[in-house]
Amino acid sequence: MDRSATQLQLNQKKRKRTQSRWFFAFVSPWIIGFVCFTIGPMIFSIIMSFTDWDMFSEFNFIGFDNYLRLFKDDIFLKALANTFQYTLISVPINLLLSLGMAYLLSFHLKGMRVFRTIYYLPSIVPIVASTMLFTRLLSSKGLVNQALALFGIDGPVWLLSKDHVLWSFVFLSLWGVGGTMILMLSAINSVGEEMYESALLDGASRFRMFISITIPQISPILFFNLITGVIGSLQTFTQVYMMTGGGPDYASEMIVPYLYRNAFSFYRMGYASAMAWVLFMIVMVLSLIVLKSSSLWVFYEEEVK
């Protein structure tokens, strides 16, 4: 009897060891990849940010000189201001437009699925293709200026005008609003019909129901889209790199394209690494601010009365 119990325990331990080996065998590729391609580069980047390494010379540690230099760099400060301005304009417009579209498309009318598909399709077009399209549309003789000319309006040279170039990127950001819209549409459709029926019995208008029922119910999705929108806008790269290169006169320069040029055009790896970590801290601080403020306006299902 004792031998059988002992043998059973040994078999169980052996089985657990085998399961553990298989577990680590399947997980190890991800762990190795995460260490090699995420943690490793991040640690190396932190170290580089305290050096003047240019890919060809030896590491020379210079302390916080790169970080101090950033705030004396007029181009970096201009890029920082442009990035914040673009974020403050594009994110609210995208959220409001996607919310309005989602609400209108939530009505159960004939043919509504076709319109949902049409509005969603642009969001799956690769950003490179979208950028090339808008470069043509916003040229001096592009379709946008041709449309304005029909109303007697002399359109600007969008991509070469300091006053209009940032708005060009805002227009481009609206092209992909369907991705945000489809998330909000899904959230709106998940709101219980009984809430609207009770509100109708109390004589509430559609606007009142939208403000008092729909918005609180979908606030977690609004919060998610706000966070991802802010982070995405702060990391804008392809549009600037392909459409203007930061011009004219740095009017459209943003942090990530400027970081990229310092790293891979001027080989200032240490300086670019410091820039990357400053951007990381900005993203973290803004995300924490939004997260802290969410308790005032984000309501989860169990909290909504």
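Glycine is treated like the rest: Cβ placed from N, Cα and C.
According to TrEMBL, the feature domain 'ABC transmembrane type-1' maps to 80-290.
Annotation comment: TrEMBL describes 21-47 (among others) as transmembrane segment.
According to TrEMBL, the feature transmembrane segment maps to 84-105 (among others). Below 8 angstroms of C-beta separation, residues 112, 115-116, 119, 166-167, 169-170, 173-174, 177-178, 180-182, 184-185, 187-188, 210, 214, 222, 225-226, 229-230, 233-234, 236, 254 of the same chain, each at least six residues beyond the ends of the transmembrane segment (84-105), sit close to that stretch.
Note on the transmembrane segment (117-138): residues 101, 105, 144, 158-159, 168, 171-172, 175-182, 238-239, 242-243 of its chain, located 6 or more positions outside it, place their CB under 8 angstroms from a CB of the stretch. Positions annotated as transmembrane segment by TrEMBL: 117-138 (among others).
According to TrEMBL, the transmembrane segment annotation covers 165-188 (among others).
The transmembrane segment annotation in TrEMBL covers 209-234 (among others).
Taking Cβ pairs closer than 8 Å, the transmembrane segment (269-291) reaches residues 45-46, 48-55, 62, 66-67, 69-70, 76, 223, 226-227, 230-231, 234-235, 255-256, 258-260, 262-263 in its own chain, all 6 or more past its ends. If you look up TrEMBL, you'll see 269-291 (among others) marked as transmembrane segment.
Packing against the transmembrane segment (209-234) from elsewhere in the chain are residues 83, 86-87, 90-91, 94-95, 98-99, 103, 173, 180, 183-184, 186-188, 190-191, 195-196, 199-200, 255, 279, 282-283, 286-287, 290-291, 294, 297-301, 304: each is 6 or more residues past its ends and has a CB under 8 Å from a CB in it.
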